[in-house]
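According to TrEMBL, the feature transmembrane segment maps to 6-27, 39-57, 63-81, 90-109, 129-149, 161-179, 191-210.
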Amino acid sequence: MADVSVVTHIVAGSMALVAGAVALYSAKGAGLHRASGMAFVYSMLIMSATGAVMAAFRSEGLSVVAGALTFYLVGTATLAVRRRGAGARWVDLAAMLAAFVIGAVSIQQGLEAARDPTGMRDGFPAPPYFVFGAVALMAALLDLRMVLANGVGGRHRLARHLWRMCFALFIAAASFFLGQAQVFPEPIRNVALLAVPVLGVLLTMLYWLWRVLLARRVPGAAPGNSPKPAPPRGAT
């Protein structure tokens, strides 16, 4: 059973990285973007869920947090571009509470690592715990703002979808290229080299956030095929 979970996790993760790269760099809104995006969503949900469960059995706190946060980010990013139906508010509230729990647990684990004489918890130092915790709490606060505003629209809705999908892809890319560096051939097993695709995801995310949120406010900026802005409300 454990072997099946490992194989499922690896296959889903591999598919997620390929589909995520295609979705990230294909024309937004086109058929290829939509198809690869849905493949990314399903494979990421499977990968993050299996990873979190396996990590829980191994008492690997950081991997549990990373898996839970990734599942949450992909789920809420997908909901951001779906038509909201009856009960959507309750789903938003449940997701917000989940993000607060993930953030609180991650911060607590980071404090445990910082207080430990070795400066580690489950083999990891405090900073990664604090980073995941901060991202989860920030996302939860944005969820709270969205719930209070009764939804999110326009460019903020697109930005919500974008940054959450991209950060989930960043987690997957970092876990593979940096966390599994030993699987790469010796000639390219260099941290600086393997960090390139990971940083590429972050830089691409920042670029698209600029296009969606700020480009139309900058004189002379040409956002190209960016969606037409709507009056901002809610949060990203």
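Here, residue 1 is simply the first one shown, and the rest follow in order.
Backbone N, Cα and C atoms are what each Cβ position is placed from, and that goes for glycine too.
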Contacting positions for the transmembrane segment (161-179) when only residues 6+ beyond its ends and CB under 8 Å are counted: 13, 16-17, 20-21, 23-24, 37, 40, 44, 47-48, 66, 69-70, 73-74, 76-78, 80-81, 135, 139, 191, 194-195, 197-198, 201-202, 204-205, 208-209, 212, 236
Selection from 39-57, 129-149, 191-210, the stretch that has most Cβ pairs under 8 A to the transmembrane segment (63-81): 39-57
